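*Asks:* I have a structure I would like to understand better, so I am pasting it below and will then ask my questions one at a time.
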């Protein structure tokens, strides 16, 4: 196969859609490279700086916004999250596929990016839970959050789900295994797109 | 998964690319329905009318052109080949994916079709042999044709290969199994495209 530019695989979906599991597996199987996000939230136990996230202070984060170093950024639950443009471009130009696990606001900013490499590379997909009942079950199933947090997350998830028509592709979640087969097939299919070959 | 319109999977590639094997397997595995072509060439031993082709006389074929019943038609090696528009539309509207094993002239006519369902459904892919040496090996390997016919087919194949940049997707043929995995992945990925869901 001839050389090609990388795909920017932009993956959104509410909490409980299973999108993070899909993205991690894609990265673990070396199908795509995880775009490490920046965040101002505090590290959770076991999270490593530069691996799970780049953990930044609020002033550091605001400086990166000001200097145009971020491809996208958003505030979620009181914390900032964002992605370094350089982190993504370097990989795409080297022909590496990049997977971004991103909320709907962030995805909208990436779509609005005028950078030609970003525009050329973008494949956006929305992962949906099959229905509200299953979503509630998945959000409750974690067992780590209070009922109030679950209700807030449920409302946020349902709000976030309304954004699916802005995406090019959609998976309605079935089993983890099924979802992953479709998720990977789409990436493999997009690799065959002639406009990516250089 | 919600209801969707079918995909028109338009597959071209020179003799020796393996495209016919790919299309037949897709059909055999019920992933897509073969669009049966019309042709004026004589049936080969074992070929059945209405299964392998609709075998037509030249006047019958010309009548179908005149009445606009053909989605595409072309003359290849002195024979006419074509596809009934109704054959394709009925399947697409029923949500069935249609695979068309078609030469580059025919594919160009399908692309030019103004029919909105055809335009909406189209996914075109070009299958290429890895290189000229391997192509010659594959064309010779059949062992059923004279050297002169092989040379003609070789020239035709090399000419046909120049059309690949008109397609959206391309597979550079490796093993049959590898080719098929990519070929199916692309179809499965395209099924997730939101614009197909109704």
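Heads up, the Cβ atoms here are built off N, Cα and C, so glycines get one too.
Any TrEMBL annotation is an automated prediction that lacks curation.
Not my notes, these are from TrEMBL:
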BINDING   B:13, B:14, B:15, B:16, B:17, B:18, B:19, B:20  ATP binding site
DOMAIN    B:6-188  domain 'Guanylate kinase-like'
*Asks:* Excluding B:13, B:14, B:15, B:16, B:17, B:18, B:19, B:20, which residues of the same chain place their Cβ within 8 Å of the centroid of the Cβ atoms of the recorded ATP site?
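*Replies:* Checked against the 8 Å cutoff, the neighbours are B:127, B:129, B:138, B:157, B:173.
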*Asks:* Around residue B:13 (ATP binding site), how many other C-beta atoms are within 10 angstroms of its C-beta?
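*Replies:* So the Cβ neighbour count for residue B:13 (ATP binding site) comes to 29.
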*Asks:* Given a 10 Å Cβ-Cβ cut-off, pick out the one of the binding-site residues B:15, B:17, B:20 that has the most other Cβ atoms nearby.
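*Replies:* Going through B:15, B:17, B:20 one by one, the largest Cβ count within 10 Å is at B:17.
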*Asks:* Non-local Cβ contacts of residue B:14 (ATP binding site) (under 8 Å, 6 or more apart, same chain)?
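*Replies:* Once residues fewer than 6 apart are set aside, residue B:14 (ATP binding site) is near B:128, B:129, B:135, B:156, B:157, B:158, B:160, B:161.
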*Asks:* Which chain-mates of residue B:18 (ATP binding site) that are at least 6 residues away have a CB under 8 A from its CB, listed by sequence?
*Replies:* B:127, B:129, B:138, B:173, B:176, B:179
*Asks:* Within 10 Å of the Cβ of residue B:16 (ATP binding site), how many other Cβ atoms are there?
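*Replies:* Other Cβ atoms found within 10 Å: 24.
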*Asks:* What count of other C-beta atoms do you get within 10 angstroms of the C-beta of residue B:19 (ATP binding site), across all chains shown?
*Replies:* 24
*Asks:* Please state whether DSSP places residue B:19 (ATP binding site) in a helix, a strand or coil.
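*Replies:* Looking at the DSSP assignment, residue B:19 (ATP binding site) belongs to a helix.
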